[in-house]
């Protein structure tokens, strides 16, 4: 395995649930610090990193709709949850002396900068980790879709989807011990087989922009950096 990174600019997508650790809600600071250390390791390798964090550990907009409430309001609440998570992860990165900026799709200048592609490219060029908050800024779109969109806007060479398991399996490995990990798939195969990697809109957007999706375990310390150099356990979704 080469010690040089295979990718120079990437988008890391982490679910809000990843920040919960063993808790049932909120943010486990120890877990946030560990994820931050993995991102810091990537930066020390010279990799430019953008991050999209979900908000499911704080709130899910679909929960409002399922109870008969307004989905738009629910999604706005979920977007605010992603901003809380982004600020927490930025704090963990800054503790490691990693220059970090939070760019929000929802304007709140007293708290963080507003998102624009120009600001994104500037901060990346200055060596900063850019955390994208607020999803796409629009209801009815998931943070997976936000990840694919921001990856395209920042010119990412790949989307790294950090999940609960180390890749895409033929079935849920937690329920079916004989399930096997798939090493490589195309975007179309993911769509045709209905595999729960990212939502359909996100996979389609990644396909249209020729962006590979690399699925790996967010819980494996050092796993992010290992995969950046070509090693580690993962599934690659790519048409090449």
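Here the Cβ of each residue, glycine as well, is placed from N, Cα and C on the backbone.
Swiss-Prot lists 13, 14, 15, 16, 56, 60, 163, 164, 169, 172 with the feature ATP binding site. The DSSP secondary structure for residue 163 (ATP binding site) is strand.
In the three-state DSSP classification, residue 136 (UMP binding site) falls within coil. Counting every protein chain shown, the number of other Cβ atoms lying within 10 Å of the Cβ of residue 136 (UMP binding site) is 22. Taken from Swiss-Prot, the feature UMP binding site applies to 55, 75, 136, 137, 138, 139, 140, 141, 142, 143, supported by sequence analysis.
Each residue in the region 'Involved in allosteric activation by GTP' (21-26) has a pLDDT score, and their mean in this model is 87. If you look up Swiss-Prot, you'll see 21-26 marked as region 'Involved in allosteric activation by GTP', on the strength of sequence analysis.
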Most distant Cα pair in Å, residues 13, 14, 15, 16, 56, 60, 163, 164, 169, 172 binding ATP:
26
Rounded to a whole number, how many Å is the Cα of residue 13 (ATP binding site) away from the Cα of residue 138 (UMP binding site)?
18
Residue 15 (ATP binding site) and residue 55 (UMP binding site), Cα-Cα, nearest whole angstrom:
7
Hey, how far is residue 136 (UMP binding site) from residue 15 (ATP binding site), Cα to Cα, in Å?
15
